[in-house]
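Feature annotation from TrEMBL assigns domain 'HTH luxR-type' to 403-468. Per TrEMBL, transmembrane segment is recorded for 20-37, 49-66, 78-100, 106-127, 159-176, 200-218, 230-253, 265-282, 288-309, 321-345, 351-370.
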Amino acid sequence: MAAEEQAHSNKPYVFEHFRLGYVGFAIPWAWVFELAHRRTSASFSYDNAAVLFLMLAAGMLFFVALRKLSKGGVEKLLHWPMAILAAISIVLISLPHLGVTVIPDVVGFAVAGVAGAFMYLSWVPFYSSVDLRSAVACAFASMVVSSVLKFALDVMPLLLGNVCLIALPLCLPYLLNQASANMPPKDTPLIYFGSARQSFPYLVLLGVAVCAFVIGVAPAVSPNAVTEPVALYSFAQQSISVLAALAVLWWVFAYRGKLHFTNTWRAIVIIVSTALLFLPNIDSELAGWALVLVGVAQAILVAVLWCMLADVAHHSSANRFTVFGFAWVCYALPLALGRLAGGVLANLDNVVFVIALLSYALTVTGILSLNERNFIESQIFRDLDMPETGHSMYASIDEGCEHLGARYKLTGREVEVLKLLCKGRSKSYIAETLVISENTVRSHARHIYRKLDVHSKQDVMDMISEKRN
């Protein structure tokens with residue numbers, strides 16, 4: 001009965017049974033953002049922000065490698081050790097401001113980068129375990145909370161803000177425990193991707209990398225941009241981010257619209273490339289507002305990328321930390337390189353041409369990275385069109401296959417093969433399960449596709465989805 005009511009209201013489980021831990025992802029999101037943008041130290045520079053993102057990427061790779069080499073227990077680092085390391089990094093960053101110059105603040109930024117990586121990774125088990133509806137709800141609700149935190153930290157005095165940046169990571173273990181203890185009901189996921197290599201949408205990640213590089217470059221190519229009073233520009237940026245997140249939540253869960261990855265990605269590319277193209281050619285006040293839009297696009301990019309990785313990891317047999325870790329490097333590393341390259345580009349005589357070239361490169365990469373005929377990309381956010389938790393996804397596919405079998409006069413054995421194919425099973429697995437040879441499985445698959453007049457498993461899934469709708 002509860003499942004039927006949930007299906008009628010279209011509310012995700014995490015909203016029906018809300019816990020503060022469900023929006024805990026807002027803490028690493030806001031924490032890293034503030035270190036990269038806020039004047040947390042007396043000698044803040046974009047070089048320090050670049051160090052932060054470089055070490056964040058390094059921290060991701062370090063943990064993935066450490067987990068692969070160790071026999072277990074390494075995930076304990078993603079609890080209190082991570083929180084304490086993050087708090088220590090803020091203390092190190094704050095020392096020069098307090099007159100203690102023994103340790104350069106760049107050391108604090110380096111430590112903060114590693115701590116930030118661990119803070120992001122601490123949410124991987126939760127997001128890779130929940131269904132996509134819950135992941136989207138939690139990520140975009142976290143976007144709302146993180147925007148509020150960012151604005152509050154932006155307008156705080158330096159010392160008070162740093163105290164809050166010390167306290168926030170120390171709250172994270174509590175929120176992680178609460179989220180883990182109140183996991184939404186689980187449905188056995190379909191395995192679309194059988195290995196880490198199959199789990200990465202390479203062209204999409206290339207687009208993310210180029211976009212992140214351009215976002216890193218943008219502030220440096222307009223050094224005279226007016227961003228004060230800070231409260232005004234921060235309020236504008238975070239308010240637009242909140243509205244964007246609420247619009248996505250309304251669209252998906254109230255209006256019941258489809259969240260198209262391609263359309264969202266197009267919006268991000270258009271905002272960033274347009275802002276970059278105009279930044280060197282507009283006055284300082286307009287440049288400040290252009291940077292506000294770039295900041296909003298970056299927030300949307302983080303939310304969409306995290307949801308995409310949650311979706312891919314949920315349907316992959318690859319290690320979930322590998323999926324998130326390597327993909328997040330494609331965001332953090334180019335962002336750091338963009339920060340460093342921006343200062344160089346700003347001093348070039350032909351900076352306008354170079355910026356136009358970067359804008360063109362971003363647009364072309366964005367277009368090339370959108371290919372819904374690619375199997376991986378075609379699966380992104382597909383679960384939002386599937387039945388909600390409470391009606392098994394496997395049961396739904398079984399019903400769809402039986403309907404197709406009756407309609408297109410498939411044999412009983414062909415229906416059995418079709419069910420397993422649609423659940424992402426390999427031909428060797430099907431052969432072993434049904435006690436037949438792989439050649440027989442291939443023969444059945446050819447006959448099925450011919451009778452249904454389709455060319456791939458994806459076409460069959462589309463037919464099942466259309467029948468359900």
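Note that Cβ sites are derived from N, Cα and C of the backbone, with glycine treated the same way.
Helix, strand and coil counts from DSSP across the domain 'HTH luxR-type' (403-468) read 51 helix, 0 strand, 15 coil. When each of 49-66, 106-127, 321-345 is scored by its Cβ pairs under 8 Å to the transmembrane segment (20-37), the top-ranked stretch turns out to be 106-127.
Between the transmembrane segment (200-218) and the listed ranges 230-253, 288-309, 351-370, the one holding the most Cβ pairs under 8 Å is 351-370. Sequence-distant contacts of the transmembrane segment (288-309) (same chain, six or more residues past either end, CB-CB distance under 8 Å): 25, 29, 127, 132, 135-136, 139-140, 142-143, 146-147, 201, 204, 208, 211-212, 215, 218-219, 222, 225-227, 233, 236-237, 240-241, 244-245, 248, 261, 264-265, 267-268, 271-272, 275-276, 278-279, 282, 323-324, 327-328, 331, 380-381.
Take the transmembrane segment (321-345) and the stretches 106-127, 159-176, 230-253, 265-282, 351-370: counting Cβ pairs under 8 Å, 106-127 has the most. The predicted model assigns the domain 'HTH luxR-type' (403-468) a mean pLDDT of 83. When the stretches 49-66, 159-176, 230-253, 265-282, 351-370 are ranked by Cβ pairs under 8 Å to the transmembrane segment (106-127), first place goes to 49-66.
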